[in-house]
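Structure, as structure tokens:
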Amino acid sequence: MKNIIKHLFAVLLLFSVFIPLSHSSVWKKAVSQVSREINQIQEDTQETQNIINQEKQELKTELLKINKDVEQDEKELARLKESFDLLLQEEQDLKNEIETGEKQTQALANVLRTAAKDTETMIENSPVNEKILSMKPGLLSMTYPDRFPGMDDIENLGKILLAEMESGGKIQKYTGTYIDEHGNETSGEIIQAGRFSLYYKQGEKTGYLRFDSKIQKLAAVPGTLPRSVRQDIKNYYEGKQEYIPLDLTGGIIAEQVSKSGNIEDWLNAGGILVWPILLIAVVSLIISLERLWSLGRIPVQTDKIMDKLRQMAGKGDWKGCRELCTARSHMPVCNVLSAGLQYRDSDKEVLENAMEESILKQMPRLERFLTTLSVLAAIAPLLGLLGTVTGMIHTFQGITVFGTSDPKMMSGGISQALITTQLGLAVAIPIIIIHHFFDRRVEKIIGDMEEKGTALITTLINIRTSFQEN
């Protein structure tokens, strides 16, 4: 607005320069008109400026209010956000609690279903199940995966287990029917010792019974029990003793005992490497018998022979000395002494060499087959280990094909694989003991030869010295 007024003054000045004085009245009017307009413009400008200042003040006030409201809104937003985060955390905690509760509930349901299935199997395999069959339908409903067992189901399960415990804690004797070993239904005296063991007696024959869930009848355990077990069962029936052998496995162990094969079956189960181990055992036995016979005839203590030889040598009876040693030529000591007598006129060094040579000649005879025994003792367990490794390889090949669903197959294969190791150790241990015995025997004989050879050298030197002095 100020610029406009300035421009108007500039225009008036220009007009004042170029307009003639004759037109001064017109000029005055124009100036007056312009002055009024200028004043009006100034008033409008001032009014506009006042309005602007007023609106500016109002806007500042409004801005301060808005800033305050924004600050309050931001605080409220922060509070709400914090509350929201807390609610989210509470929601997550509740979800975790619900999830944990669902897992615990599902685990409890699985435990109850498993207990129901185990109880159902126990009832089916139990010889006393007739008393609790009426409660069995409640078990079936507990095994449904889409149904959660209720308190009624749990109470029913507890009643069944309690009834099973009560019925299984009694010993009953009665006459009943069962399936014998030949598959025929027969009758006899039955003793029920709880739910674990059942016995039968038919005439002089006794044995174990077990409940066959397939035919829902009692059946005799096949095979023949050890005589002592059969006699104990018979004595209990006759009242001669107050105890009876229990089979807590329901006839499984009794059947395994009755099925245990003879030594031929045991050897065949070990595989082809059993026979080399047995051959080692036979060869070792033959060698041991030969060594026992050979070394057993050789006495270790030959002091009496040496005393007699020393007496003859002192008398100069060299012929008698030679005859004494020749008569006992099976004794290494006498052979060594005989070699020393051949060089009785030689010096000490020659005598010692002769004795040493004679002892060395006796060594092969004494140590014959001992090295062979030690080698056989080392080979036997190695062959057993080889058989075990071979059997384990076959077992794991079977596991690769058929899987691990049948533990009996795995345990049976491993058991057969260990037979060769068992046999190898059973052969090697006695061989090692026998070898040690023979080795000690040879050491004693060699020590005796060295002792008697040294004694003969001393005797010959003393005799020679005495003869020279005389």
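Quick reminder: no glycine exception, Cβ is built from N, Cα and C everywhere.
No curator has checked TrEMBL annotations; they are predicted automatically.
The coiled coil annotation in TrEMBL covers 38-104. For 334-450, the entry in TrEMBL reads domain 'MotA/TolQ/ExbB proton channel'. Feature annotation from TrEMBL assigns transmembrane segment to 266-287, 369-393, 413-434.
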Reported mean pLDDT - the domain 'MotA/TolQ/ExbB proton channel' (334-450): 83
Remote residues contacting the transmembrane segment (413-434) - C-beta distance under 8 A, at least 6 residues beyond either end: 266-267, 269-271, 273-274, 277-278, 280-281, 284, 288, 373-374, 376-378, 380-392, 394-395, 398
Summary of DSSP states over the domain 'MotA/TolQ/ExbB proton channel' (334-450), given as helix, strand and coil counts: 106 helix, 0 strand, 11 coil
